[in-house]
Structure formats: structure tokens, C-alpha cells
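*Asks:* Relevant sequence annotations retrieved from TrEMBL are reproduced here:
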type	residues	note
BINDING	Lys5, Phe6, Gly7, Gly8, Thr219, Asp220, Arg230	ATP binding site
BINDING	Thr42, Glu120	substrate binding site
COILED	57-84	coiled coil
DOMAIN	2-276	domain 'Aspartate/glutamate/uridylate kinase'
DOMAIN	378-433	domain 'Aspartokinase ACT'
Amino acid sequence: MKVMKFGGTSVGKPERMHQVAQLVTADAEPKIVVLSALSGTTNALVAIGDAIAAGNRTGAKNKIEELEAHYANFIKQLVEQEECVAKATAITREHFEFLDIILRISFSDALYKDILAQGELLSTKLFSVYLQEKGIDHLLLPALEFMSIDVNEEPELPAIKYKLNKLLQQHSDKKLFITQGYICRNARGEVDNLKRGGSDYTASLIAAAINASVCEIWTDIDGMHNNDPRVVNKTVPISQLSFDEAAELAYFGAKILHPTCIWPAQHSNVPVKLLNTMQPQAAGTTIAEDAQSTGVKAVAAKDGIIAIKIKSSRMLLAYGFLRKVFEVFEKYRTPIDMITTSEVAVSLTIDTDAHLPEIIKELEPFGSVEAEDNLTIVSVVGNEIAETPEVLKKLFDAISTIPVRMVSYGGSRHNISLLIGSEYKKEALQLINSGVFGL
Ligand code: ADP
Ligand code: ASP
Ligand code: MG
């Protein structure tokens with residue numbers, strides 16, 4: 001059995017959904033198809049939720065009407081038969097009625113998550129109506145019945161595995177299952193999600209849970225490129241990556257993959273393929289245990305980084321200092337991305353300011369604390385790059401005009417990370433593209 005995940009642009013137009021139906025019926029292997037919301041929908045739902053939260057109900061109402069009009073148009077070109085048009089219309093009405101009700105009741109965090117879930121619920125139900133029109137046998141599997149996160153908002157793989165396999169056994173006559181990406185239930189049993197871009201995570205978790213033959217991530221580009229195509233003009237697809245390399249690229253900003261979506265597939269050793277819905281014949285990228293080749297493969301950049309420097313002469317020859325520092329970050333469940341130390345100071349980076357004031361307050365007894373934002377981590381990723389000759393020289397020659405704030409090298413065999421001001425990101429990625437990749 002395989003998993004095929006289609007992102008927002010892959011289902012964002014009726015003709016694309018038609019093409020997805022062709023792709024999922026192209027071979028006889030049983031499959032679980034994971035769909036994102038139509039492109040633009042989750043952003044619209046976020047805007048609706050934000051407007052309601054801010055007490056702007058008129059603004060929210062206008063946005064809801066605009067979105068409903070978009071779906072009315074979508075349906076017109078998605079299905080033809082009168083009966084299917086009626087079904088699709090009833091589905092959209094039901095979901096927009098839900099949003100209308102939310103406008104009238106008191107708002108909460110849980111309701112916000114309910115709003116965000118509407119996109120995936122709509123896309124999968126509408127796709128199911130289209131499959132019915134085409135006479136394609138399938139079953140809609142509600143993700144809310146098997147996808148769950150624990151109190152720490154981490155996916156519960158053993159529970160997901162148990163529930164999903166039970167559902168599949170109950171429908172062992174079916175070959176094609178459709179389910180929602182992104183949405184899940186939390187430890188309180190409420191509707192929640194796996195964070196933005198989370199449909200990739202859903203696909204990888206399902207692939208691990210069923211021990212799939214492959215986890216295919218279908219998107220709008222022909223695989224992982226060597227550099228960010230949104231920032232740099234000339235980029236090329238990479239044919240092969242190891243799980244470790246792909247995980248580093250995803251975590252350090254390659255938007256094509258959700259930051260933490262690799263570990264479930266890696267855990268069950270299921271290969272991941274990145275493929276292009278608009279160009280299904282393109283080779284794409286295969287991600288598997290073995291990296292196949294050594295050397296630099298790609299560079300990615302992660303914005304919104306905050307650097308914290310703690311300076312203290314008490315650090316000199318002291319032990320236990322770093323532990324105390326780390327405990328503060330642990331307490332506020334804030335991951336540290338980069339770290340460098342000297343005899344009298346430690347600098348580290350985080351990617352969220354959610355608990356920044358509390359963290360600074362608790363670090364102050366250890367020494368002087370400085371925080372700086374608007375920073376970007378640029379990560380050069382490859383296999384055994386620490387052992388690849390000339391990489392460091394090429395990299396630093398390439399970016400000699402860019403002020404580098406921190407360097408992390410040797411932490412893993414796959415990564416060299418640099419911290420720079422965000423205003424230098426574009427220039428740095430371009431310089432690395434020509435200086436390191438020769439493009
Ligand atoms: P989907 O909606 O299918 O999940 P995303 O927009 O989340 O698609 O991810 C695909 C996009 O990721 C591409 O269109 C591209 O602009 C962006 N991207 C950023 N970095 C990379 C990279 N290194 N390789 C490929 N795509 C990248
Ligand atoms: N629809 C969600 C988002 O836009 C999840 C996803 O597309 O992966 O973030
Ligand atoms: Mg995505």
C-alpha cells in the first residue's frame with residue numbers, strides 16, 4: 001500500500017483535482033490519498049479566525065462570503081451531473097453554515113482550530129464527490145478518527161498506527177482511501193492541527209503507521225531543489241537525498257517539506273518521493289536511508305531567528321553552567337537551533353519569541369543577556385560535508401561580503417549553518433548558488 005499526498009496547488013483548481021483523480025488511479029496498488037485544503041483556503045481561514053478573535057465580525061463575515069463564492073465557482077467546474085452538483089453544494093453549504101454559526105457564538109482557541117480544519121474537510125469531501133461522479137470506488141477516512149497529538153503536541157505514532165490499521169481492516173475490500181492532511185485531535189479530544197504545511201506530516205505519519213511501500217508528496221515543483229526557488233533564479237532539482245539530509249533541509253527552511261515530517265518515514269524506513277503534479281513524468285527527488293553520494297547537495301534558509309547571548313565571567317572554568325542555561329529553554333519548551341560557546345559567553349538561537357521575556361528574565365541571574373531578532377540561519381546541507389575538501393573555503397569565499405554572526409560546523413556530518421542578518425539572506429543565497437553550486 002502506498003501513500004500519495006497532494007498539496008494545496010495540486011487540488012487548487014478543478015482541472016487539477018481531475019488530474020489528481022487520474023494520478024491516484026494510474027496503477028493498481030492500494031493507496032491512502034492525503035489531501036491539503038485548496039490553495040489559499042487555510043490562509044483565508046486564518047484571516048477569518050483572526051478577524052473574529054479581534055472582534056471584527058463584519059470583516060470575518062465578508063471573508064466567509066468571499067470564500068464561499070470561491071467554492072461555488074470551483075464546484076461548477078469540478079462536477080457536471082446534477083446529482084453531484086447538488087451533493088457538492090450541500091457539502092459546501094454545511095461547512096459555511098458552521099462558519100456562520102461561529103460568528104454568532106463566543107470565541108475560543110478550540111473554535112479557532114475548528115475554523116482552520118474546514119479547508120481539508122472541504123477538499124476531501126469535494127474530491128470524493130468527483131470520484132463518485134467518475135464511478136471510482138473509494139472510501140473517505142476521517143483523519144479525526146485516527147490522527148492524534150499528545151499533551152506536548154507531538155503525534156502519537158503507536159495510537160495512530162493502532163486506530164488507522166483497525167479502520168483499514170474494517171474496509172479491507174477497498175483499494176482507495178481518501179483522508180485529510182493537517183488536521184488531528186489533541187489530548188483534550190478537540191480538533192487541532194499539525195501546524196502550517198502539516199499535510200506532509202500527516203502523509204509521513206500514515207506511511208509509517210501502515211509501513212507503506214512509498215510516501216509520495218505531490219506538489220507544484222519537480223522535487224527538492226538545491227536552493228530556494230522563491231529567492232534565487234537558477235535552481236536545479238536534486239535526485240537523491242538521505243533522510244538526514246532531507247530532515248535538515250526541511251527543518252532549516254526548505255518549504256517544500258514540513259519542518260519535522262521526515263522522522264516518521266525514517267522511523268519505518270519508508271522512502272519518500274517528492275513529485276510534481278503538473279509534470280508527473282519528472283524524476284523528482286527520492287529520499288531514503290542511503291545518501292548515494294557525498295558532498296554538498298542544497299542550501300536552505302530559515303527566517304525569524306532570535307539570537308541570545310549570555311555573558312558571564314563565572315562561566316570561566318565552571319561546570320554545570322550550560323545545564324542551567326538549557327534548563328530555562330526546556331522549561332519554556334523552546335528548542336535551540338544553533339549554539340556557540342567561548343570561555344566567557346554562550347550564544348544560541350531560537351525561532352520563536354513566544355516566551356522570550358520569561359526566558360530572558362530567568363537567564364539574567366547567570367550574567368548579562370542580550371537578545372537580537374531579524375536573523376536568518378542559512379544551512380548548507382550534504383552528505384559527509386565535513387569531510388568534503390574545499391567546502392568551507394568555497395563557502396566562506398562565496399560569502400566574503402556578508403557579515404556572519406555565528407557559525408555551526410561539525411554538529412552533524414550533514415550541515416554547516418551560518419547566522420546572518422535577514423537583510424542579507426537573498427544576497428547570501430545567490431552568492432552560495434554561484435560560489436558553491438556553480439550555478
Ligand atoms: P504544497 O502546497 O504542495 O504543500 P508548498 O508551497 O508547501 O506546496 O511547497 C512547495 C514550494 O516550496 C515550492 O513551490 C517552492 O516555492 C518552495 N520551496 C522552497 N524551498 C524549496 C526547495 N529547496 N526546493 C523546492 N521547493 C522549495
Ligand atoms: N492546509 C494547511 C496549510 O496550508 C496544511 C498543508 O497544506 O499542508 O498549512
Ligand atoms: Mg506544503
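Each position is counted from 1, following the chain as shown.
Quick reminder: no glycine exception, Cβ is built from N, Cα and C everywhere.
I'm curious about the neighbourhood of these features; can you describe it?
*Replies:* Non-local neighbourhood of Gly7 (ATP binding site): Ser36, Ser39, Ser199, Asp200, Ile217, Trp218, Thr219, Asp220, Thr277, each in the same chain, at least six residues away, with C-beta under 8 Å from its C-beta.
Other C-beta atoms found within 10 angstroms of the C-beta of Glu120 (substrate binding site) number 27, with every protein chain shown included.
Taken as a whole, the domain 'Aspartate/glutamate/uridylate kinase' (2-276) shows an average pLDDT of 97 in this prediction.
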*Asks:* Let's see if you can do this one: DSSP helix, strand and coil counts over the domain 'Aspartokinase ACT' (378-433), in that order.
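*Replies:* Counting residues by DSSP class gives 23 helix, 19 strand, 14 coil.
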*Asks:* Fewest neighbouring Cβ atoms within 10 Å: which of the binding-site residues Lys5, Arg230?
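*Replies:* Selected from the binding-site residues Lys5, Arg230 on minimum Cβ neighbours within 10 Å: Arg230.
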*Asks:* Quiz question: given the binding-site residues Phe6, Gly8, Thr219, which has the greatest number of C-beta atoms lying within 10 angstroms of its own C-beta?
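*Replies:* For the binding-site residues Phe6, Gly8, Thr219, the Cβ with the most other Cβ atoms within 10 Å is Phe6.
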*Asks:* Expressed to the nearest Å, what is the distance separating Lys5 (ATP binding site) and Thr42 (substrate binding site) at their Cα atoms?
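*Replies:* Cα of Lys5 (ATP binding site) to Cα of Thr42 (substrate binding site) measures 17 Å after rounding.
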*Asks:* Do any residues, 6 or more residues outside the coiled coil (57-84), come within under 8 Å Cβ-to-Cβ of it, and if so which ones?
*Replies:* 13-15, 17-18, 38, 40-41, 44-45, 47-48, 51, 92, 96, 99-100, 103, 122, 126, 129-130, 132-133
